[in-house]
Amino acid sequence: MPTLQEEPSPPDASGTVTPDSTSGLGSRALRFTVLILVARIVSRLLALVAVVAIGNALGDSGFGQMQTAITYTALVGAITDIGFTALYVREGAREPGQLPRYFNNVASIKLFLIAISLPLLAACLWFSGIESLLLPAFALLILSGYSLLLRSSLYALQRLNFEIAEIVPETAVILVLALIGSRIHAGPGYFLWAYAASSGFATVYFVTVLLSKRIVRPRWQLETDLFSRWVRAGIPLAITYVLTTVYFKLDVPILQHYRSYAEVGWYTFAYRPFEALLFIPGTLRTVMFPVLAIYYRNAPNRVLASAEKFFKGLAVIGLPITVGLFLLAPQYIALISNQFPESGAALRILALAIVFMFVDNTFAAVLNAIDRQKLFAYVALSGLVLNLGLNIVLIPRFGYIGASWATVVTEVGLVAVGWLTLRHVLGPLRVVRLCWKPLVAGLVMGAFVVVSNPHGRSAVLLVSALAAVIYALMLYILRAADDEEQSIIRRALRPRTARAAPPV
């Protein structure tokens, strides 16, 4: 029976590799990442249409109320998860044979956590004067929590083809219901039910997959010895999850306390496309987390090198988004809605945080994968303290603009603290060496956007597409990918039937 230690010792430094557990993990993870990213890009485009429809239907105040309810739902869900979902993925990846046992225990424990979450959520909504939204918000909390647990089973086993097939239909449910709601002039409660229905669809889908493939056999199972060990190991993960969720969400309650729901609507409308982009690092981290956990157990000498490649990949993707969104934020807001012109200023500021928000996923993935969740809990705590202090100081005076700057400064601080922490545990990430070529490519791309200065839907879309091409060409000219990275990319993109050589 596998055991968990509060402060585990590093594995054998010799890095003995078990071929059947580590062979091909790099290229396989990249292949799944590419496929999931494609599906999530389509999904996010559909979600953006849904958000615009909801925002136009509700107006700034109604949209602000709905987003406040969603924020509190996420906060309460983070508190009552107690870190078990992340622990389930990590331990399930290391011990696939124990996955059904782990699943039944976590699913059973969640029933008790749901009972705890109801009064917490009710108190939060009552405090904000939107207690009428309790029922749909509670339904969303339950269904999203269980769909995440079910989905995590596939990530632990790296059987992500089923996840890829589900991503777009789940978002399509929201889109269809959002369009219906906009036509019938529905209120915030209806749209919360739409999000709950989407999570319900995902729950039914993943239950069907896991049962049909005999991955799990759900039944009541609550082992006190396993529960006690997981509580000890999961508390740092729970603290981290709560702190990061609170950090992401606390600006909305503070803004709502000091300013009107209209200003909350301006800020959250700008935050939605900004937040939507986080599916990119989130997807990569979700795929890489179990891979890093396996490396740490079976090939620890690969962990730091994998962390550097992960950091570099996130920087390569995040830099052009930061540059493009900073330069064209008002134009992008105008593209999706003419009811929120005030959101352009907030989105421009938030754009500066994107590349930092991308790369700090490296520290979350690596530290949690190598059983140093306590250290990352301190990293997350530093981010929360900094963000809370900045929001308390800036929001009363500057409103939603102050909240935007608080996010930027916090993300810079999180990257600095995360880098120092990882240097202490594994060694330094060579940031300058990893990022100078993508940075040069991003500056060239930005110069093109500034010179073009597009206005109007067609011009903005055309310049955005050309800017992406210029960035990619500059990466190629500068040879941003080294020989090993090029080999991994070729193996990941090669059709399966064409692979004759052993995987990387």
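Note: Cβ is positioned from N, Cα and C throughout, glycine not excepted.
Note that TrEMBL annotation is computational and uncurated.
Taken from TrEMBL, the feature region 'Disordered' covers 1-23.
As annotated by TrEMBL, transmembrane segment applies to 32-57 (among others). If you look at the transmembrane segment (32-57), the same-chain residues 6 or more away from its ends with a CB under 8 A from one of its CBs are 63, 66, 158, 160-161, 163-164, 167-168, 170-172, 174-175, 178-179, 181-182, 185-186, 191, 265, 269, 272-273, 276-277, 279-280, 283-284, 287-288, 336-337, 339-340, 492-493.
According to TrEMBL, the transmembrane segment annotation covers 69-89 (among others).
Marked as transmembrane segment by TrEMBL: 109-128 (among others).
Look at TrEMBL and you will find 134-157 (among others) tagged as transmembrane segment.
Residues or ranges marked as transmembrane segment by TrEMBL: 164-184 (among others). If one looks beyond the transmembrane segment (164-184) by at least 6 residues along the same chain, the residues whose Cβ comes under 8 Å of a Cβ in the stretch are 32, 35-36, 39-40, 42-44, 46-47, 49-51, 53-54, 56-57, 190-191, 193-195, 197-198, 201-202, 205-206.
Feature annotation from TrEMBL assigns transmembrane segment to 190-211 (among others). Beyond the ends of the transmembrane segment (190-211), by six or more residues, the same chain brings 54, 57-58, 66, 69-70, 133, 136-137, 139-140, 143-144, 146-147, 150-151, 153-154, 162, 166, 169-171, 173-174, 177-178, 181, 217-218 to within a C-beta distance below 8 angstroms of the stretch.
For 276-298 (among others), the entry in TrEMBL reads transmembrane segment.
Taken from TrEMBL, the feature transmembrane segment applies to 310-333 (among others).
Within its own chain, the transmembrane segment (375-394) has Cβ neighbours under 8 Å at 236-237, 239-240, 243-244, 246-247, 250-251, 254-255, 363-364, 367-368, 402-403, 405-407, 409-410, 413-414, 417-418, 421, 425, counting only residues six or more beyond its boundaries. Summarising the annotation, TrEMBL assigns transmembrane segment to 375-394 (among others).
Using a Cβ-Cβ cut-off under 8 Å and counting only residues 6 or more beyond its ends in the same chain, the transmembrane segment (400-422) has close neighbours at 247, 251, 254-255, 259, 263-264, 266-267, 270, 307, 342, 345-346, 349-350, 352-353, 356-357, 359-360, 362-364, 366-367, 375-376, 378-379, 382-383, 386-387, 390-391, 393-394, 428-429, 431. Per TrEMBL, transmembrane segment is recorded for 400-422 (among others).
The transmembrane segment annotation in TrEMBL covers 434-452 (among others). Sequence-distant contacts of the transmembrane segment (434-452), counting only residues of its own chain at least 6 positions beyond either end whose CB sits under 8 Å from a CB of the stretch, comprise 308, 311-312, 315-316, 319-320, 322-324, 327-328, 459, 463, 466-468, 470-471, 474-475, 478-480.
Sequence annotations record features per position, and here TrEMBL assigns transmembrane segment to 458-478 (among others). When Cβ-Cβ distances below 8 Å are used as the criterion, the transmembrane segment (458-478) is approached by residues 316, 320, 324, 328, 331-332, 335, 437-438, 440-442, 444-445, 448-449, 452 of the same chain, each at least six residues removed from its ends.
Residues of the same chain lying 6 or more positions beyond the ends of the transmembrane segment (109-128) and with a Cβ under 8 Å from any Cβ of it are 68-69, 72-73, 75-77, 79-82, 84, 134, 137-138, 141-142, 145-146, 149, 222, 227, 253, 256.
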